Amino acid sequence: MNAIQKDKFLPFGLSEGDSVLQEGNDEVSEALKIKKPLQFYDVQFNTLYVSTNGFLSLQPPPDESQYLRNIFPLSFSAIAPFLTDISSGQGKGSVYYRVEESLVVLNQTSEMVQQGFTGSAFKPSHTVIATWDNVACEEEGLQLPFTHCVTSFQVVLAGNKSDTYALFLYPEDEQQMLNISHNHTKMSNGHAKPQIGFNRGNTSTTEELFYSLFGTNEISKNLLTGNTGVNGLWIFHIGSSRFPFQKVVPASIPKSGSMGFGSLSSTTDEDFYITLKSNTPADNSTSKVQMDIPASLVQQPSKSNQELLQATSKNVTKMCGLHLKFCSQDGYCTDYQTGPCCHCRSGYYGNGRQCLPLGISQPLSGKLSGLVSVGDTKVKLNNVDIHGFAVVGEGRVYISISPVPAQAGWALMAVSPLVSTFGWLFALELQNHLNGFSITGAEFSHQAELVFSPQGQRVSIIQEAQGMDSFNHLNFNIRISGDLPSIPNGAKVHILPYKETYQYNQSVVTSSSLREYMVVSENGGSETFSYMLHQNVSFSNCEHGPWTIPDFQHVNVEHLMVMFTEGTTLRYAITNKVGPVGGELPGLLELNPCLTGKHHCDPMALCLPGDGTHYHCQCAMGFQGDGRNCYDVDECAEGLSSCGPHSECMNMPGGYHCNCQSGYEFDLDSHVCVDIDECFLQLCHPFSSCFNTQGSFHCQCWPEYKGDGFLCQPPPKRRPPLTVCQQHRESLQENLSTYPDLEAFIPQCDGKGQYKPLQCLGSTGHCWCVDSRGQERLGTRTMPGTAHANCDQPAALLPRVETVCERWRLSLMTHYNGHPSSQDYMPLCDAHGNFLPVQCYGNSSFCWCVDRQGVEMLGTRSYDDVKPPCISGDAPPLNNALMYPVIRSSPSGPAILYTQASQIGVIPLDETEPVQEKSTVLLALKDSIVIGIDYDCQENMLYWTDFGRHTINRAVLAFRSEPETIISQGLVQPEGIAVDTVHRKLFWVDSGKDRIETSGLDGRNRKVLIDSDLMNPRAIVVDAKSGTLYWTDWNRDAPKIESSSLEGHKRKILVQGGLMLPNALTLDFETNHLCWADAGTKKLECISPDGTERRVFQDVLNYPFSLAIYNSHFYYTDWERDGIVLFHQNVYSFYSFLETYGLCIHVYYTDFWLCNRNV
């Protein structure tokens, strides 16, 4: 027998992402949150606690003194691979645990479960793994072989949305602890009693709701062997939501006389539970052991052991309530002694899982694939369409296969098994004999082998029939391979009527026959050929009901026609009957038109034979008429359906089906629609709880987590805010952690978190003085071995070199003899000597924009009272900027994102009103000037343009995420930016190069869209739903608002008149209008994308720069008011809540519908 080795444990340890339980001898982990719930008995749970003492629990367990000296049942829930007094740490090993969903682990776990539960199709979606590695199990004063042991073991919980299994793994080389199985009964009441098993807890019916390996002598004697065929591997079915789960079910590998369950193996039926008698020799006299065993573990025993499954009527479990979901809507369920079976109701035929109305024609559809050889030519058939229909009341089937390559089409005319299977499936039933559909419900696998004479070519055919779809169409796939004898082009193939004998048992139908066909060439010559056919049809039959089908039946093929037409289409027609073996039917019946098919009944009617040649036509169920002409009854339209609440009626040929509305599914007992528990679909965020409601559900974030349940943000770490020095020091320490031997500068902070006046480079001896901002004071640096500078002395004032702006100003002052007039031009410089972005002639209104060198920017000249909206290219100093900036927080609900020079901030919204006291800075960027921002709600990503660094950047709006530069070259003055959340593209304007560009969201695939007839482009927005770009151009000579396609085509001017300085632009998705704010006209206006419905909302603005819309409210930044202003679209009221300089704004939201409204 194989054995589990320790290296065959499922991977564990810190390298696998495990958590480690605190060291000690009675420690319990924090709550382990499980995103997808598991089942324990009939309880669903998503929280676990791991104990040092060898078990898992659904709730915090009590102190060990309350349970170590007790045996099952206990007062709390326990999944116990080895519950005893265990210690970890200080050389005594560790306890590891984690939730695992990797495909490798899931596949490995699935294989283990299927090995223990043979025939089970269980596939886990998630697991919990806990490992006790080299831990110590000891009990002072207890002299038993297992005392003072050091051992390892592992438990794995594997589950999907309905079932959970537990795996206990004990390595072969460390099984000394398992000697407890021989000493368990010798232990006194004063010492710990080891437990292996399961305890439901909190129940009065403890007899059913706990399971202990020490409760069955047969198991304890074989403890070392496991229950799966692998030494040390135990597997148990511990919970299910599909039915009231009351008993843990162990895996069972047959072994004569060892486990007490007789000869058990698998069937292919669905998992439902039946009751068995034990055949343990020791129990044959009076006692009985009853175990609830999944039918997926039980195989039909041989006839010699049939008595093992003979349960008395009082032991029959009523399982139809659980099994009914596997029956057809037109069927019903019957309970038998060993289990349930499906049957078709009156007026229908089939196997109970698939049912069709009697008498109606049946559509067929499928695919033909494979590779065949005709002579030296190989022909590949790739998903060739197959269409047809069966006239069930007459046993006729018509099949069309197209397009078939001509090289194979002529040769395939001889391959009648391509259609004869359908003839058997829908053959006319005689003398209570059943056709293939009545037996298999068109759920079968058909295999056929043809051997042609005289050359011996072989052809293999495999056909898979999947039953009926929701429209009652039969679906199937056929694969063919092998060598075909050639048939001349233009020839005809005649297949004479024949009979075949089919042999039936409960899972397979077989037949062997010699079939002949005649090939007639175009010149009239003919030759007869033959092939030997061996075929079998495998299907799943319900073994619990009576088997009434004869061992042998005759299939009489009265007519089989085949032709290859139009050079591409293979057509078959076949007429079949199924009846008894051994002789013809009485002559009188044989001549009746109902049996010969020579009647005049409608295809949707039943032909009822009378005396002699008389017959009567009766429309099939669900049709009306005189039998010769029948019409479908629309039960839904005429109110004849019996669909219940929360369902919709769908008319079908010959009947109707009831389909449940969204959020509902059929109840297993009564075919009414009941609510679906959407919480099983895992739609909520991993850090939230799901609550099911009728027809719907809702999600709620865990305590202290923020969000709407679909997106939950973890609570921020609670620590006092860091000072600039502390942030500086922490960022450097984090970045240098990967290079511990590097001698690098780490700033020194005092007790208040401020920079110490004297800073030094590690142990090198290089030191210098810094100011309060941490900036080095010039002239204070000292070399190793020299005295440090006195940092308490004030810094010496050093002369600054005059800038270009200051020299030019001095030159003109000399030119004007020191007295320039009010109309003379004098350069305007800031306190640092840099050119101000706006330059004017004296006190006049003649102004323009300049770059950093003072050069005039074309198209910016202004002759009116409104100065041009020039942006400074010099970033202001920022005291709280980090050398390595990170996102400091993230919004938890609707909020305003704004840019303020080198910062990006956030202000939460209470519905629509800003909560200024909760405003925070998200990101502080040194030497940056952030102009445009946009937000990708699909990936929670913020994008912005940096006017100072000439870059485009992005960052995830999550705590401590770092910015990423995605465009760093070829930019001069990037301003407006727009994210296409549907096509995953980025668009921006560059006012320095007067063009519009685009790229992927990662900066790749960059290209120029528009670079002509642009002067001062600024704002840009994208309407992904219509595929349209909009942008503003505040060219002082010809301002305008334009649009184009996302590829830069179909460019047109949308607005030109009544504009002066159109700075701001946004889309109102509620009204589907484009809105803008103009700093020259002082207006806020909106217009339809087709240029109509232009409307003025406000005409008394000051100096708007950026605009956003949320919940019928306008938000805009105002340069003159130095703040952000909001007002309702229909009620004018200002709320200035940010008294600092603001450039661009954007509304952030987490609502799923808002996020996808541009789709």
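If you go along the chain as it appears here, the first residue is 1 and each next one adds 1.
Just so it is clear, glycine is given a Cβ too, placed from its N, Cα and C backbone atoms.
Copied over from TrEMBL:
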- C760-C767: disulfide bond (DISULFID)
- C840-C847: disulfide bond (DISULFID)
- 81-241: domain 'NIDO' (DOMAIN)
- 360-588: domain 'Nidogen G2 beta-barrel' (DOMAIN)
- 590-631: domain 'EGF-like' (DOMAIN)
- 632-670: domain 'EGF-like' (DOMAIN)
- 675-713: domain 'EGF-like' (DOMAIN)
- 722-791: domain 'Thyroglobulin type-1' (DOMAIN)
- 802-870: domain 'Thyroglobulin type-1' (DOMAIN)
- 940-983: repeat 'LDL-receptor class B' (REPEAT)
- 984-1026: repeat 'LDL-receptor class B' (REPEAT)
- 1027-1071: repeat 'LDL-receptor class B' (REPEAT)
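Through the fold, the domain 'EGF-like' (590-631) approaches residues 347-348, 357-361, 391, 393-396, 428, 430, 575, 577, 584, 652-656 of its own chain, all at least 6 residues removed from its boundaries and within a Cβ separation under 8 Å. Counting residues 6+ beyond its ends, the repeat 'LDL-receptor class B' (940-983) has Cβ neighbours under 8 Å at 711, 713-714, 716, 871, 873-875, 884-891, 897, 899, 902, 904, 922-923, 925, 927-934, 989-993, 999, 1001-1003, 1006, 1017-1022, 1024-1025, 1027, 1029, 1031-1032, 1046, 1065, 1148, 1155, 1158-1159 in the same chain. Cβ contacts within 10 Å of C847 (disulfide bond), excluding its own Cβ and spanning all protein chains shown: 21. Note: C760 (disulfide bond) has non-local neighbours Q748, H766, C767, W768, i.e. same-chain residues 6+ apart with C-beta under 8 A of its own C-beta. The average pLDDT computed for the domain 'NIDO' (81-241) is 75. Residues near C840 (disulfide bond) in space but far in sequence (CB under 8 A, at least 6 apart, same chain), listed by position: L828, F846, C847, W848, K867. When the domain 'EGF-like' (632-670) is classified with DSSP, helix, strand and coil residues number 0 helix, 16 strand, 23 coil. Across the repeat 'LDL-receptor class B' (940-983), DSSP classifies residues as 0 helix, 23 strand, 21 coil.
Under DSSP, residues within the domain 'EGF-like' (590-631) fall into helix, strand and coil as 6 helix, 15 strand, 21 coil.
Counting Cβ atoms from all protein chains shown, C767 (disulfide bond) has 19 others lying within 10 Å of its own Cβ.
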